[in-house]
Amino acid sequence: MTEAITEAAVASSEEVSEERDDLGPLELHDSGTFQQVVNLLDIIDSESAKTDTTGAGLDMRKTLASVIIMEKATTEPSVVINTLIRCLQVPEISTQRKVNIYNILQDIIQQEGELEEQCVQRLVAIASKEMREIPEMEGYMKAEVASDTLVALSRNHFSLVMYELQHHLKPLNLTDEFVIITLAKLANGNVFEFMPYMGITLATIFTMLRLANEAKIRQAICSAMETFCETVQFYLKHLEESVYPVMTEEEFALKVFPMYRYFVTVWLRHYNPEVKLGVIKSLKPMLGLLLPNDDLREQVYDYIPLLLAEYQGSLEVLFVTQVLRQILELSVTTNTPVPQMQLHTIFTELHVQVCNKAPAQHQYSSQNLMEMVHCFVALARSYPKELMKFFFSQMETNKEAVRVGTLNLIRAIVSADEPRMSIRAIYLAIRVVKNTISDTRSKVRMAILHIIGQLALCGYQERIKGWGLKYLSVQLTLSTYKLTNRREKFYQRDLEERMVHKVTMDTVKIITSSVSGMTTEFWVRLLCYIMETDYVEALTPICISLTNLAEHQLHGQDVDVSVAGKSRQVDLPAPQKLLARLLVLMSSPYKGEGRGIAMLNLLRTLSQSIAPSMADMWELEIALLVRYLEEHTEFTWDQKAWEDKLIQFLRNSLKKTRGSSWSLRLSKELNNQIASFDSPSLEKGFLYRALGFTLATGLEASKVEVLLLELLYKTDYSNDFDSEGVIMCFGLCARGQVKTVLNVLHDFEERIQESEQSWQISAWRKDHPWRRETVKSALMVMYSCVASYCHPQLLLNLVDSPITAKIIHHYVSSCQDICLKMAFMKSVVQVTKAINNIKDLEDFHFAQKTTLTSIIVAVIKAEPTDNLVSPVRALAMEALSHLSKLKPFYSTEENSELMDISIHSVISLQLPGEDNESIKTLYANALSSLEQLMESLLQRQLDPKGLQEMVQLLEKWILSEKEWEREKAVSLHLYLMWIYVHSTAVCIHLKLGQFGTMVGLIAPCTCDAHQRTRMASMNVLSSLLDLHASQTCSLWGPSKQKELEKCKGDLQSTDVEKIFCASSRIAKVVCMEFSCDEVVSLIQKLCENTGAMNLQHDKASVTWIAFFLQMRAKELEDKVAEILSAILVHLPVVDHPEVRRLLIDGILLLAHHHQETILTSLLRQPLPMESHLAEVWLAVSENVPFARTMLHSLMGRLQSRLSPRISATSKADIWRLAAVDPLMTLCTIHLLIQKLDENDKLPDFLPDLIYTLLLQLGSSHRPEAAPPVLKMWKLVHTTPLPEEMNLQRVTIKSMQLLFKRVKSQHLAHTLDEQAVWDLLQDGGTFLEGVSLLARLCMQHVEGHRQRLAELVLRGMDSEVLSCRISSTAVCFMSGPVLYQEKLLKPAALLLEKGADQEEDEALRVLSLRALGNMALGAPKKVKQYRKVLLEKCLGPLREPVSNSVTAEGMEALTKILAELREGDVGSSFDAMSEQCRIFFDNESELLRLKAFILFGKLARVVGMSKKHFFKGEVKKAWIPLMLHSQDPCSNAAQACMATMFQCVHFWGWKSLEHPSGPSDTATDDKMTVFQTTMCSILTRKKPAVLYRFLLETMAYVKNNLSRIRIAACNLAGIIMKQMSTHYLKKLDFPALRNSLQELQLDPDPGVRRAALETLTVLDSCSQHGFLASPQGMS
């Protein structure tokens, strides 16, 4: 870009140098500044393009770039200007860029002032060239800025610029358009510098006129000439300031005139309208130079026809008229009128413009008309006679537009400013006007009236006294007649006539205020106009005019000769008639442009003529009335107040005439005026009022009666307005004539009763049978109106009879249609109001109250409840409200009944539609009457009880499903709350819970779907809060008040979420104001109303419950049970899941803060568990942490039954320790476990829960341990419980669910395979099942062994027997867990304690078993605890209590001995050996079994130290061992044989240790062989022992066990066979024989057979009588 600019600059320099030899090529002085300016220009160009594209304003970057260039120019102007000039010389530069550069150059020139001459020359040359190029669309803009640049340079370099322009301005050579434009700009901006060049410039331009054929160059020349002439005029005015050689005004005029002539004669006829307009605009400044010249002025006149010809063209005529006005006005000023020969042409052309409607294209028609008027005024001053003659000729055309236009011109001429028009001109003008007064067209009449008024205003009053006033009177009468008899079809004519009347009134006002010496005839005409006209809008100006005239006459100013000798009083009609007329008209003082003040002023002026006695009073009173009207407008005044003032004025006036018949005559006039006004109207209403007041002051009762009867007969009772007016008139009359009024009514009733058969009056005509009811309605209201206006002392004597009695009679004796009902209600209201208004009623009892009440109640009940067709019910309730204030008062029951009936009658009505205004009014009145009645009835019981009864009556409507019923009920509630709050003088505290109940009723309505209901509910709530605050002396903080106001605003929203949020915030704000009791009552009411309406109401209720519980839960410890009960009672009836869930969430919220109370209350619910209660627990299960907490608490409840009862130290303890049904507790646990996530293994309390359930199951198997409270809980089961719902089954189901969570298939399989659940369910096998379950838990429930062990130890230490038993059964001594968890010692101590107790056998057995199991679980610790173990296990052997205990003791010893040595056993070995042998022959198979096993274990343990002792024990035990080897109990027999063979070695005989014989031989045979061998050995080695064995054996023949008896017989035989003779001889054979023979009687044949065999052996031994040797016996 820079290179292109440089090349262009050099090329341009060469070109310019050809034109200017003194300018050399440019040099670059500062390449940095040059480049910066170029870059800034690029920014300007780019931003300009963006601005053009987007349509946005000037960009900030463009402005900033321009500012930077300007700052650069401040420091380096030449460099910047040269750079900009170079940029202009680029060949293909855009037009916009050139425009931007020229604009910057203009700013720099303006900023810097003088520049370097070389720069200026170069810039002038370039700008001149740009300006003179053929302008295209964009080029025109470029030429314009180039021209502006030259003008800017001319301020400091005028000569250079002027030289350049003059160089291109050559005679007879048409120059460029912008050269002329620029010269005009130079002349305008440099007046004095340009003047020396003005002459040559004008002369040169004149030579170009013939060459200028194009429109643009002609427009440019015209515009330049306009500027040149204005500049010359400025120069001539400031001639003394010029320092250049000057030209005179004449010289300038001579220079201009040729051009003026050429413009008018040639260019003005150009077809182009823009050229024409340019010419016309240039003529005005040119004429400013030409017209002052006397010689040239005459020549200018010659060209006027050419100007007038332009009116026929399309040119805007305003500019032509302005030129003509300039010529005509200067002709008057210079007193050189235009030639008379041109007058007719001027008159005609201008008159046509005035009278004809301007073409649509002429936008300045009104301004043109004003200019025309000035032209005619100028012509009238020069040629008045000729002009009026022309006007006269034009008026003869009979065209309305021509006549109106001409008359308007005459009016303008008459009203011409100084100098005033000549008298001759005025005289001639009036002649023209008089010639047209017979024209009846509206516009012509108005124009004539305007001229008459204008003549009066301009001081020509004498010229209109005759014809003018007469014409005015005629027009006043004519226009009034036409307006009062107008027809609808001729609206346009009526509008025109109204305009004529308005102009007439204005003219009358002008004349009466300015014309002196007014004729009496005109006065009379105006006065009669007031009395007769029906067109009341004309009254104000007429009254003003009359007042002015009357003041002139009364003050003697310019009195007419005909009345000069008369009195100062003004001639008037009858004074009473005039006063009546004016009073009635003044009742609407602002009609007719404020006629009230005008009439008051007239009345004050005529006071001496109307009633001299009232004059002084009227002077004061009327002034006050006028002041009142002046202080108000028709928008601010009060009709009632104004009428009261007029009535008071009338009463004060009548007082001045007291004692005369003046008031009676006035009454007649007022009565006569009634027919003059339509019904309805304010004037007629005031007439009835004024008539009533006037009649009340009448002295002659008979004449008053006549007037009243006349009024009754002539009244049309079908017209409500007239009927009401007569009623009011009678009432007002009753103030002073009550007896007269009642007599008239009675007389009228009798007459119509008589005429009812003959149909003599129109009221009873056959074709209008309904009229009878209309008259009766009017009579009822008349009686009540008489009561309302009657004097209080007279009323008490007349109210029951005849007034109320007549009202009731007329009602019950008619058809009782709607109109009659309304009249009856109005009558009752008026009568009761009148009674209530009496201040001192004393003990007055209204005798008719009961009758009236019954009638009214019947009417209300008869009204339809679904629609509203009349105001009857509203009036009925209003009547009841007034009746309620009279004695005898209604009772409380009657009050409630009236409230209920009235509420039902109104609230059930549906809201009216928006388009039915009449129904809306009826509806509003009914609602207002209901409020008034409720207020009256509430006032009789203004205490909390009355308030509560009122709220109870409204409650069913507040909870209605119909929104319109809710809205009205809540609105009524609000109104009554306001009454209660503001009417209670003494603060009576609400009952406990009443505040909460009322808030609970209304709070959900803040979320109602209807906005008005929400807002009314909010206001009710505010009233309740204010009442509560006043009673509790609590103050609302500003923050709370502000928050409530904000919530109130949010309730107006239509967003449901926003509404609920606002209601929640309200609950949050107010909840702290409630006591705990009030919170309970609130929640109870909210729960009670849940489900009564709709879902939105229910959501709002539970939302409030939730917020109150959330905010106040901690404080409600004593009320939790009541709240929970309220929620649970109503929860089953709630259908919507969301609402149910919110209520349940409220329960859970309470449970978080008062867990024990809630838990106890829930557990005390009846079984089987209802669905809503199950839903509560399901909700608990969804909150896993809380569910765990609840499970802990439930476990605690079960555990508390198995622990000693403790004393409660807190309220929570009381609830925790309260008795609950364990079955409900177990069912709840089962439900929670079932609903919790199956993947949740409940690691934190799984062992506790398992253990607790085991304990519960154990206690259920021991019914004697169950608490007596269970019997009580069985009573609440309303239905029989299912079979599966018992303690054992529910407990086992719960345990099964718990073990499923262990996720061990092997455990589940083992539990089923070993039938653990069946064992646990059966009480007989429970302990076995517990032990088995405990072993399985140790194997499969990893991670919980320590906790289970701890729980077991705690249970073993419990005071509850069942708990100790179950815990001991679970005791994990058979496993290593106790040892591993270092719990072995406490376990041993507890087991030791259990083994010692004697109260329960099972516990002892289990304790011993557990002690014995130490050898299995902690064998290494057996030696440590050997003393305790041996002692506790030996105890049952030493002192046997039961077989099971002894057996368990022996088994435990057996287990223990396995881990001990002989030395460890110590002295206990002897005891064990001795005690063990005792049980060899025990009847219990178990004991025998355990004894044999233990003895065998002892045989293994015995060492060297005890071997000898035990050898003796073996000898002692040998016979039992050999005999019990054949024990009937197979297990015992096997154990015994094993033990026996284990003890054989103690005999020291090797042959016995390995018994001979085959192994497959039978056991009995083996035993026989062993016995035989044993006996043979003993015979040889220890025959004495064998002898003792025989005796011991024979003792067993009497054993209880048959098998033992058989074995004894067989063993005895074997011994006897092996016994030596020596010892045989010692035998007592008889005794032995007897013993064996006794066995022959044994029931067992085997015994008998064995005994027989033994007996045979015995006999054999005794027969031989010798001692057999051992060898022989073998």
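Cβ coordinates are placed from backbone N, Cα and C, and glycine is handled just like the others.
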*Annotated range (Swiss-Prot: region 'Disordered') out of 1-26, 469-494, 755-780, 1431-1456*: 1-26
*Secondary structure content, the repeat 'HEAT 13' (1381-1420) (per DSSP, counts of residues)*: 31 helix, 0 strand, 9 coil
*Same-chain Cβ contacts of the repeat 'HEAT 4' (254-292) under 8 Å, 6 or more residues past its ends?*
199, 202-203, 205-206, 209, 215, 218-219, 222-223, 225-226, 229-230, 232-233, 247, 299-300, 303, 306-307, 310, 313-316, 319-320, 322-323, 326-327, 330, 334
*Same-chain residues near the repeat 'HEAT 11' (993-1030), Cβ under 8 Å, at least 6 residues beyond its ends*: 944, 947-948, 951, 955, 958-959, 963, 966-967, 970-971, 973-974, 977-978, 980-981, 987, 1036, 1044, 1047-1048, 1051-1052, 1054, 1059-1060, 1062-1063, 1066-1067, 1070, 1073-1074, 1077-1086, 1088-1089, 1093-1094, 1096-1101, 1103-1104
*State the residues, same chain only, that lie 6 or more residues beyond the ends of the repeat 'HEAT 12' (1221-1263) and have a CB under 8 A from a CB inside it; answer 'none' if no residue qualifies.*
1162-1165, 1167, 1169, 1174, 1177-1178, 1180-1182, 1184, 1187-1188, 1190-1192, 1194-1195, 1197-1199, 1201-1202, 1270, 1273, 1276, 1281, 1285-1288, 1290-1295, 1297-1303, 1320, 1323, 1326, 1330, 1333, 1337, 1341, 1343-1344, 1347-1348, 1351-1352, 1355, 1360-1363, 1365-1367, 1369-1370
*Would you mind giving the whole-number mean pLDDT across the repeat 'HEAT 14' (1627-1674)?*
76
*Per DSSP, how many helix, strand and coil residues does the repeat 'HEAT 6' (424-461) have?*
28 helix, 0 strand, 10 coil
*With DSSP helix as H/G/I and strand as E/B, how many residues of the repeat 'HEAT 11' (993-1030) fall in helix, strand and coil?*
34 helix, 0 strand, 4 coil
